[in-house]
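Here is the structure we will look at, set down as structure tokens.
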């Protein structure tokens, strides 16, 4: 019985863990961002896809456990885009977000930034975010290249403008002590990145507000496209994108300002960068699954809140829509 509770019966295309609870969503997203899937071989991927196809067509060999099927689905979902069926480029997979994004976070949080370095790191961060967003997008409806470029340039412009503007203001604040100025300068990336993330989500997905997103009944049937559900989806995603960088860009500067006072680091300045990198990696690894677990990817909304034509098309009281990541 314990084994059955730990490993539920396999359901193709369904999450392994209960998505109605925060803990269940956290377990689900920890698996999705597991960086070990970056090292899966082509042979292993082919085996996983074959196993899932055999399950789908009822030709599964005897002796295959539910755990093996869950692992196979985890590997496929980490590498293959669910809509296009194509492999996602490794640096832009959700499982590669922390390992490939941590060096950028370290660069954003380096002390004594110049205007040029600030522009470079903010540009690199938003370029990486844009590519991750595009690679993991909902591809059931075509996204025009112009929409992607609009979101990209909007995010870069907002991030660079705010970061450079705040840096200039801090440099002109003569009343601040050098130590206070250093801490504030290290905290500047957070408002810059948070505002750029909101801009990115809004611009990249603004077409959903005019076209709506598909809402599904309890059997997975599409009832129609809802602009109200699209608004909820974008607001939930934008909120997640504000929460995500908060610990990443706030905790390391505070922790490092304390660690730099320790005798070990005062006498061994070469250790600052590797320790700073480890602190950034730890906070990034913790904050990503916590932030994206705030809302289920397949969110629900009461039919009474939706457009009348959709409400009249079903007897369901609650429908589901894909919020996106």
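Placed from the backbone N, Cα and C atoms, the Cβ positions cover glycine too.
Residue ranges 196-220, 271-295 are listed, and TrEMBL annotates 271-295 among them as transmembrane segment. Annotated by TrEMBL as transmembrane segment, the relevant range among 238-259, 304-325 is 238-259. Among the residue ranges 131-150, 151-170, the one that TrEMBL annotates as transmembrane segment is 151-170.
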